[in-house]
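To keep things clear, I will list the structure first and then write my remarks on it.
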Amino acid sequence: MEKAKLTKNLKLKIKNAQLTKAAGLDKLKQKLAQAGSSDTKNSSEKPSAKVAEKVVKKKSVVDPSVSATPESVSSETSPRRIRAKNRSSFVSEDLEVSSPVPVDSDTTSSMPPVEEEIASSTDSEPEVIEVTQPPIEEKSEVVTKVPPTPLKEPEVVVKKDPPKSVVGIKSNFGPTGKHINHLLAKTFKAPKKEDKPAPKERSGQAQAKPQQSSEASSENKPHSPNNNRSSQPFYRRDTSKKPGSDFRDRAKKDDNPKAFTGRDRYGLNDGSDDDKWRKKRVQKTKKHYDEHTIQRPTHIKVPLPITIKDLAAEMKLKASELIQKMFIHGMTYVVNDVLDNETTVQFIGLEFGCTIDIDSSEQDKLCIESNTVKEEIQETDPSKLIIRPPIVAFMGHVDHGKTTLIDSLRKSNIAAVEAGAITQHMGAFCCSTPVGNITILDTPGHEAFSAMRARGAEVCDIVVLVVAGDEGIKEQTLEAVKHARAANITIVVAINKCDKPNFNAETIYRQLSEINLLPEAWGGTTVTVNTSAKTGEGLPELLEMLALQAEVLELKANPSARARGIVIESELHKGLGAVATILVQNGTLHLGEALVFNDCYGKVKTMHDEHNRLMKVASPSVPALITGLSSMPKAGDPFVVVKNEKIAKDIIGARLAGQQKFALQKKRPNFDAMLQNKKILKLIIKADVQGSIEALASSILKIVSDKVSAEILSNSVGEISESDIRLAAASKAVIIGFHTGIESHAESLIKSLGVKVQLFNIIYHAVDAVKEMMTALLDPIAEEKNLGSAEIKETFKSSQLGTIYGCLVSEGVMTRNQKVRVVRNNDVLWKGTLSSLKRIKEDVKEVKKGLECGILLEGYQNAQVGDILQCYEVIYHPQKL
C-alpha cells in the first residue's frame, strides 16, 4: 500500500512540474523576484522619479505644445489599460509580459463587473480619464521637465526564496480571468488621519493649494486611476471622484437615525431627504389652573328678553343650576329658552341671592317717542294748538244698523257692497256736517272682530253705541261698553230703528241702567238719541250732541309738530305693494316724509282720501291711504315721522336685529296634546287685509276641544300663491282664503298636488267650516245594537263547509251577514260575521224568534252545544268637539 501511495505522489509531482514548465510559471517567478529587487534599488536611489514622471504625463496631456519623442508621446499620452486576459496578477504593473497568455473572448465577456473601469478587448482608441478633483495650481509648483527614459527590461534572476505577498495589487483576477481573492494574503493598514481641507468657493479659476511632499501626494492624492493602483491598499475602494460627483451632491449621513413615525406609515416622509430642518412639534401639556373661589355678583343689570344661558353667565352660574331651581318651582325651561318676564327674572335672582335690575338703555335708544300723543299735546305751548275735528267710532252688535247710519250721515251707500250685509273691515271717513267736520270710524260688529273694536276705542274721542230698539242690548254691545270704559272715552247711545212698530225706548233705558249707563231721560249723564237710518230721523240731533261733546272735551292738536298717528288697516296691493290706512293724531303729514312703524319703515310716495283723491298733506284727525312702505305694518301700530329715510332704515334695522336674536328659538311642543293623543288640524290663512287675518285667526283659536285642536302654520295678506300650496302639500294643511282669490298660475298646482283650498267672504262661514273639519278628524263612536240571539242545539261536521250549527232563535231576529258574538257562561269567546243562514235547506235573509235554522260562522269552528249566538249591528255616531 505504501508503495502504491509513493508511486502515485511521484506521478502527481512529475505532472505538476510538467504543467508548470508548460505554462512558463517558473520563468514568471524568476522575473517577479528580479523585478522586486530592481524596484527596491530604484526607490532608494531616486525616490521622486515616479512623481516627476506623473507630472510630466499630466503636462503632456494638458499642454500639447510640449515636444516629446514619438515613443514618449505614445507611452505618456495614451492611458494605460488593465487587461485581465493578458496580464498576470503575479506581475507588477511596471513590467510587461512578452508572451501574454491567450484567453478566449468568451471568457473575457463573461467576466463579472469590477469597481475599476476596464476597457474591452475590442476597443481600438485609447480613453483619456479626466481628473475630477480640483486641479493643483501649476504656478506654485516648480517642476523641471525631464524627458522620460525608456524602461529597460531587467535581467531575470531566479531566486529560491518563496514569493512575497504583493501589497499593491490592483486587479483581483488571475491569468484565467477568474477571482483569486481567496488566494491573496490580506493585510490591513490603519488609515492615516488627515486634516480635511475647508470647502472651496465655486468659481471658474482653480484655487491655490499648499504644496505637499512627493511621497504624501503619491500616497494620499492619486491623480489618475492608473498611477495610484499600486499605492492604494487592496481593501480600499476607488475613492477617485466620478464626473458630476461632489460633496454638495452627497446626502449627509444621519448619525442618529430617525424613528418611524405616522408620516412614514402613510408614505409622507422620504427616507433620502434630510428632515432635520423640520421644527419639532411641541408636546401639549395640561395647564394647571389655580383653584380659587368664584365670587358671584350680588347685583346685576340685564336687558330683556334674555336667554337662560346668558342669564347664567351674568350670574356666574351654570345654566343647569338655573334650570334645576326653576324646575323645583314648577317652571320647565331649557338652556336656549327666552325669559321676557321681569318678575320671573327677578325671582330667579332672589333664589340665588342676587338682585337683578332690568336694563332698558337699548330699548330707549330705539324708542323715538318717549311719551304718548296726549302727553305730547299737553306739553306743547297752548299758542301753537288748534281745535281738531273729533274722532267718532260707531260700535255695537252685528246687524244693529251701524253702517247704514253712517251712510245716512255721509250720504253714501257702503252697506250695499258689503258681503253678507255685515261689516268685516274697519273704515275711516271724513264727514262734513252742518256742525263741522267729523272723522268717523266704522267698526265690525261680529264677535270675531274684538281686536278691531278695541283699536277703535283707543283711537277715537267719542263712542257712539248703536243699539237696535227692537232687539235691545246684545253680547257685542256689552263688549263695546267695556272697551270704551277701559279707554275712558265718552259714550253716546244711538237707539236705532225707531221707525219699526215694535220699537220700545223704555226697554233700552232699563237695560242701559243695568250696565251703569243711566240715560238723561232718567236723570243720568248718558246722552241718548232715537234715530232711524232709513228715514233719517234723529240724525241732526245726533250730530249736535257729537259737536257738544267735542266742545266739552276741548280736542286740540299741534299742526306744526312732526306727524304722529296710528295704523287703521293695511293690505297688499298688486300694483302699489304694501299700503296702509293711517290716522294722524298730532302734527301734519306731508308727501315725501319718512315714517317709522314698529317693524317697518317707508317714505310717503302718494296719499289718497276715502274717495281716492290725491292729497298733499294730512292734518290732525284726518285719515289717509299711503304708499311707499318697505313692508306691511300691522293694524294698530303707531307711526312717527323722522328726519330722513336713512335714519328710519337704521332704526328698523337695529330693532329687527334684536328680534332676530330670538327668532330661531323653536316652539316647544305641546306636551299635553302629545300625552292626550290629540289630533291637530293644520291651517294656512290668507286674507285681504291685516285686520281680517287677525280676526279670523283669533276666532279659530277660540275653538277649544279636548280631542282636537287647530294649528295655524302661516297667515299672510294677499292671494293664494304657489309657495302657499307647496307648503300645504308638504305639511298636509288646509288653505283658508278670506276675501281673497287664487293666483292664475297656481290653480293647476292645486289639482296636481291635491291640496284642499276653501274660500270665504263671510267670517262666520269660515269659522263654521273649520269646526266641521275639526269634527271630521275625530273617529266616530261605534255603538253595538242587539238584533237577536239563538241557542246552539246541535252541531254538524261538513268536509266542505266546516261545522254547521243547528240553532233555535230565542230572541229577536237572526240576520245574515251581520255581526255575531259567541257567548259561553256570559263570556264572549268570539266575534265575527254570520256568513250563511238556512231554514229547511233554503237560504234566507233572516229567521225570527221561535224558529230553527242552520248557521255557519265565518272562520270559527269551536262553538259547542249550549252556546249562545248573539246577532248585532254596529252604528257609528260622529263625535262632538
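Cβ from N, Cα, C; glycine included.
Going by Swiss-Prot, these are the annotated features:
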{"type": "BINDING", "residues": "396-403, 442-446, 496-499", "note": "GTP binding site"}
{"type": "COMPBIAS", "residues": "42-55", "note": "compositional bias 'Basic and acidic residues'"}
{"type": "COMPBIAS", "residues": "68-77", "note": "compositional bias 'Polar residues'"}
{"type": "COMPBIAS", "residues": "114-128", "note": "compositional bias 'Acidic residues'"}
{"type": "COMPBIAS", "residues": "191-203", "note": "compositional bias 'Basic and acidic residues'"}
{"type": "COMPBIAS", "residues": "204-233", "note": "compositional bias 'Polar residues'"}
{"type": "COMPBIAS", "residues": "235-267", "note": "compositional bias 'Basic and acidic residues'"}
{"type": "COMPBIAS", "residues": "278-287", "note": "compositional bias 'Basic residues'"}
{"type": "DOMAIN", "residues": "387-556", "note": "domain 'tr-type G'"}
{"type": "REGION", "residues": "31-147", "note": "region 'Disordered'"}
{"type": "REGION", "residues": "165-291", "note": "region 'Disordered'"}
{"type": "REGION", "residues": "396-403", "note": "region 'G1'"}
{"type": "REGION", "residues": "421-425", "note": "region 'G2'"}
{"type": "REGION", "residues": "442-445", "note": "region 'G3'"}
{"type": "REGION", "residues": "496-499", "note": "region 'G4'"}
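This view paints the features noted in Swiss-Prot onto the structure.
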{"residue": "GLY396", "record": "GTP binding site", "DSSP class": "strand"}
{"residue": "LYS402", "record": "GTP binding site", "DSSP class": "helix"}
{"residue": "THR443", "record": "GTP binding site", "DSSP class": "coil"}
{"residue": "CYS498", "record": "GTP binding site", "DSSP class": "coil"}
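Remote same-chain partners of the region 'G4' (496-499), defined as residues 6 or more beyond its termini with a Cβ less than 8 Å from a stretch Cβ, comprise 400-401, 405, 466-470, 505, 530-535, 537-538. The number of other CB atoms found within 10 A of the CB of GLY396 (GTP binding site), across every protein chain shown, is 28. Neighbour list (CYS498 (GTP binding site), Cβ cut-off 8 Å, at least 6 residues apart, same chain): GLY469, ALA505, ASN530, THR531, SER532, GLU537, GLY538. Candidate binding-site residues: ASP399, LYS402, THR443. Fewest other C-beta atoms within 10 angstroms, ASP399. When pLDDT is averaged over the region 'G3' (442-445), the result is 78.
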